[in-house]
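Student: If you scroll down you'll find the structure; I have some questions about it.
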């Protein structure tokens, strides 16, 4: 799908790409931050020759989820073709940056540099680069095959809290370090033949450069290998990850990491000049992870929160405080030294909501309704908060995990509870006693996802003033789910937001937009000018955001504050039952 703005084109243009799980997007912006062209390649709908579902392949026996790298090559040419057909004059494009699904690794073979450098403009990327990889697949963030390796990582420095303090996160299935450790044990010969290892973000930059790009200063923090305090790879963790192949070999495979997120990596390869008409002076800027790119989609203030409602549910904040905890993530900020990105990420986001949505439609014998969310929204709004028709009723709450979850670390499953806040009594309802299913689950799943965010971010928020309790100043919603005003309303009731809940107008393209803004900043900044200063001066709030729900409401916020206590107990109960702590 492609579209363009009717705005007149003046001055330089910048492209931001978003290589996500299910599609590749390209957004073109001008210096005033206006989107003037966009092109999207949907992997399931538009690709040819790949038996994928929702952008990935799965090996259920080993809990593997992965994507064919060649699919992404096909997608890039198609997105550029789409922009060309719209009439984009690529010679006006001054800079390129991108966003890649975080943690995914790409394994380059011995001929990678030669093949990248020798790209022929008369042929497509897929045809020329399929032989550039030692391994044809990239692990996806939904992969959960690395529990053994995660245990090794968590233990290696003396516990999950020590690993989180050093690298910003405890070990997680999707993180690149545990994935590389498993890869080198499972495929030792392939690992030996691997010349370089890229993250998805640096893979994207490599395609434009015609040689292997360095890893990004923010995205590298999603590996469990980068020591944030030292600003370097952690030698002990490299030793664990490399195993018998050696630390120096792994260092060569990973390469150096520039500290400046806006550094000039080089000019675009002649393939793009000859095939699409790019200027030979077009500059490639480091691509970053999809989550770091999302916080660049607006000049986010430290007192604001973003909730990304995509395939996963993600909570993001920019903060000068580094308060590592095994339940959360800290990354270097993608553009601004001295700031960190705080993140909570859950596998069971949009897919989990869709499962309950479909069950509600099925219960009403509506298999393909014109608006698939209408019944879900109606039922969720009709259900009182926490299913309480009166204050003396127990609070209904649950965990809804169609896939194994990260936080808390649990198998796939569903658990329903009734919680009495007056006594602290928590009772599991094994057969859904007292629940009207699936109707009650519509509100309950939104509440479950938002209560988890409030529980885990409560130590990082502060009072906006007066008698208002600690909470974000604003809650910004991005991603596909940001269009749903029912979710927005309930999010505001739970998370607060003293100034309200807002939708970024191009919310489902936030990653590509953030990448494009990163390119604008990198090439138009004055000496020592921060991203927030440059983008903040050009960002016209009324054009980019819309207030879609009230935030803080005293009574609701206090009721959900009591629910947070029950929610924390519920998680602990399930973890104990499942033998995980």
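Placed from the backbone N, Cα and C atoms, the Cβ positions cover glycine too.
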Student: Which of 92, 103, 229, 245 shares the substrate site with 174, 290, 291 per Swiss-Prot?
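Tutor: Looking at 92, 103, 229, 245, the one Swiss-Prot places in the substrate site next to 174, 290, 291 is 103.
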Student: Besides 480, 481, 484, which of 226, 373, 415 does Swiss-Prot list for that ATP site?
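Tutor: Candidate listed by Swiss-Prot for the same site: 373.
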Student: Let me make sure I understand the span of the substrate site: among 103, 174, 290, 291, what is the greatest distance between any two Cα atoms, in Å?
Tutor: 14
Student: Using a 10 Å radius around each Cβ and counting other Cβ atoms from all shown chains, which of the binding-site residues 291, 484 yields the largest count?
Tutor: 291
Student: Name the secondary structure element type, per DSSP in three states, that contains residue 481 (ATP binding site).
Tutor: helix
Student: Compute the C-alpha separation of residue 373 (ATP binding site) from residue 103 (substrate binding site), stating it in Å without decimals.
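Tutor: So the Cα of residue 103 (substrate binding site) lies 31 Å away from that of residue 373 (ATP binding site).
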Student: Would you mind reading off the Cα separation of residue 484 (ATP binding site) from residue 174 (substrate binding site), to the nearest angstrom?
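Tutor: Residue 484 (ATP binding site) to residue 174 (substrate binding site), Cα-Cα distance: 28 Å.
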